[in-house]
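This report concerns only the one structure given below.
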Amino acid sequence: MASPKKKLQGLVAATITPMTEHGEINFSVIGQYVDYLVEEQGVKNIFVNGTTGEGLSLSVSERRQVAEAWVAKGRNKLDQVVIHVGALSLKDSQELARHAAEIGADGIAVIAPFFLKPWNKDALINFLKEVAAAAPTLPFYYYHIPALTGVKIRAEELLDGIQDKIPTFQGLKFSDTDLLDFGQCVDQNRQQQFAFLFGVDEQLLSALVMGATGAVGSTYNYMGKKTNQMLEAFKRKDFSSALNHQFCIQRFINFVLKLGFGVSQTKAIMTLVSGIPVGPPRPPLQKASREFIDNAKAKLKSLDFLSSTDLKDGNLESCS
Ligand SMILES: CC(=O)N[C@@H]([C@@H](O)[C@H](O)[C@H](O)CO)[C@@H](O)CC(=O)C(=O)O
């Protein structure tokens, strides 16, 4: 059975795939991006080619190159690099899984195929098992994101007996708000050393109470430091501080969600906060609007998430 160097825990940034204005992948900023995550955000684990990374909008060849770049630039800097290898074609998924093992990634994750869908647990397990078998030395994570895949099989049901079918299974990335399902995954698998990674950043504190061992998300790219403060407060059982941090994070996410928030807006915010030009998204997604960027910038400033001191004085909303 695959056993990772150490259990995947803490924050995992769902990396953005940097692109040029012409829609090509901008590999040249990936080294700078790794340094920014580690040095400025205190985030040492990454999840590559997932939702935020527009993995399903890249060709297989691009996905291989992106995975290679993150593994190479992250060497001796990052703790773990997990590659999302889910695809509609089992063959593509297996190729990407094999490739992740060849390049020395630390794990692979797979979403449910979402066009011709598996309609029951056995069909989904069968697909996942075939992908996992292509990389028998790598820890395998199931990426549960029913709102995007449309595959509603409960994670609790899927996890029941999963290691008998997929011996490399090491954990769950749970991107859903059903805390009953999440809690039951934790409760019913207490004897296992699985990683339970929550994927709804604005609700992470609730998931920590429910037993999450870590979190994968888009906002850890630029709010990792703030979220780490929440994790530290939770660890030392300072729940009042932890809640203040979560509320602060919620103030920002709630604000942008109301404006319309997705991968395009994540890319714009990352460029704004980090100064790393991660570029526009690839069609069918469209660039974030100027109006969104201006509003998000003002909100980030008012919450002290930007280094600028412009609006600091007398600002009641500040989270610092
Ligand atoms: C639907 C979606 O994109 N969810 C994000 C969250 O981090 C999300 O952006 C955040 O909670 C704000 O709503 C992650 O779960 C996605 C993710 O981890 C990934 O990019 O693979």
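Even glycines carry a Cβ here, placed using N, Cα and C.
Note that TrEMBL annotation is computational and uncurated.
Per TrEMBL, the features are as follows:
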| type | residues | note |
| --- | --- | --- |
| BINDING | Thr52, Val216 | pyruvate binding site |
| ACT_SITE | Tyr143 | active site, proton donor/acceptor |
| ACT_SITE | Lys173 | active site, schiff-base intermediate with substrate |
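The structure, with features from TrEMBL marked on it.
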residue : record                             : contacts (Cβ under 8 Å, 6+ apart)
Thr52   : pyruvate binding site              : Ala14, Thr15, Ile16, Ser218, Asn221, Val263, Thr266
Tyr143  : active site, proton donor/acceptor : Gly50, His84, Gly86, Ala109, Val110, Ile111, Lys173, Ser175
Val216  : pyruvate binding site              : Val12, Ala13, Ala14, Phe47, Gly50, Lys173, Ser175, Leu197, Phe198, Gly199
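Counting every protein chain shown, 29 other Cβ atoms lie within 10 Å of the Cβ of Lys173 (active site, schiff-base intermediate with substrate). Under the three-state DSSP scheme, Tyr143 (active site, proton donor/acceptor) falls in the strand class.
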